[in-house]
Amino acid sequence: MSCPYAGNGNEHDDSAVPLSNEIGKIYGEYLMLDKVLDAQCMLSKEDKRPVHDEHLFIITHQAYELWFKQIIFEFDSIRDMLNAEVIDETKTLEIVKRLNRVVLILKLLVDQVPILETMTPLDFMDFRKYLAPASGFQSMQFRLIENKLGVLTEQRVKYNQKYSDVFGNDAQALNAIRNSEIEPSLLELVQRWLERTPGLEEDGFNFWQKFQQSVDQFLDAQVQSAMEEPVEQAKNYRLMDIEKRREVYRSIFDTAVHEALVKRGDRRFSHRALQGAIMITFYRDEPRFSQPHQLLTLLMDIDSLITKWRYNHVIMVQRMIGSQQLGTGGSSGYQYLRSTLSDRYKVFLDLFNLSTFLIPREAIPPLDESIRKKLINKSV
């Protein structure tokens with residue numbers, strides 16, 4: 001069957017043959033398939049003991065690395081748009097589109113794990129000896145993805161050494177890693193963007209003050225309702241629960257408490273950025289906040305899918321080598337990988353926790369006419 005993009009489907013059609021003076025390259029030349037398809041070197045075959053499943057192992061990991069490259073390409077373009085001194089809001093749709101593309105790529109990567117699992121532990125053992133000292137820990141591109149997303153060095157789980165030491169004397173890899181640590185991450189750029197959310201101005205709509213007043217009124221109404229509870233034990237339980245909720249809200253209204261949580265690593269956003277994220281969540285139906293809300297949702301999707309990919313990888317490793325063996329690169333294998341599933345690797349943790357601070361729709365501060373016009377007309 002001929003390629004549907006190569007012409008009218010007639011293999012003997014002379015018009016499908018590129019003329020010698022035409023500009024451009026044929027399919028294989030354009031994609032450099034001679035290099036791509038010749039990059040599968042089975043060490044078991046070189047050792048005159050070919051193991052069939054080593055080919056699958058190589059292909060799958062090469063496919064991962066190609067998709068990692070595309071994710072980095074998308075992240076860099078998004079970071080460039082967000083890093084502008086004045087962000088062009090007409091670019092928001094393009095940012096959303098590219099983030100969605102990353103989400104779809106990550107879904108594909110998650111779905112690739114079951115293909116590797118068609119290989120049994122015994123099949124893997126047949127060629128595992130050829131892999132050392134190679135390790136997935138040495139995937140420079142995955143480290144770049146983590147850094148460009150916003151994983152902090154101090155948040156990383158340490159196993160035997162600093163994560164960049166595995167690249168040894170590879171100057172190019174080390175330089176790329178260093179640059180990714182210095183450059184503003186997606187987390188930092190999104191934080192700056194959220195800090196400029198319209199409606200946070202203290203001399204304007206002052207959303208944060210209005211939100212705090214709404215929370216106080218909401219909780220006071222709950223206290224009043226609890227006091228009318230005829231059963232003393234039930235009343236005390238409700239009052240205790242309300243007080244716990246008041247403490248939770250205090251953690252976002254008290255700047256000092258918030259900063260302490262950031263310092264401890266339990267929060268990532270600045271206080272102002274958290275305010276912006278909460279405001280966008282409440283007023284996401286307003287035209288100006290519709291795409292920003294989609295953007296925040298996609299960032300959570302990316303975090304979720306990376307966590308899911310890590311989890312699937314952990315389970316696969318446990319199935320293949322168990323939980324006690326060392327990884328081929330010298331790490332603790334399963335134990336190390338399992339430790340990366342914690343919230344310390346979740347970059348946009350604050351977005352996941354926004355639901356903690358929601359209040360009923362009827363309690364959300366109503367928009368006044370000036371801010372409503374501002375949120376309808378982007379040019380205001």
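Backbone N, Cα and C define each Cβ position, glycine as well.
Counting every protein chain shown, the Cβ of Arg128 (substrate binding site) has 17 other Cβ atoms within 10 Å. The substrate binding site annotation in Swiss-Prot covers Phe57, Ile58, Ile59, Thr60, His61, Arg128, Thr328 and rests on sequence analysis.
Taking a C-beta cut-off of under 8 Å and a sequence gap of six or more, His313 (heme binding site) has these contacts in its own chain: Val113, Gly136, Leu337. Positions annotated as heme binding site by Swiss-Prot: His313.
In the three-state DSSP scheme, Thr60 (substrate binding site) is classed as helix. The Cβ neighbour count for Thr60 (substrate binding site), using a 10 Å radius over every protein chain in view, is 14. Around Ile58 (substrate binding site), the same-chain residues at least 6 positions away in sequence with a Cβ under 8 Å from its Cβ are Gln40, Cys41, Met42.
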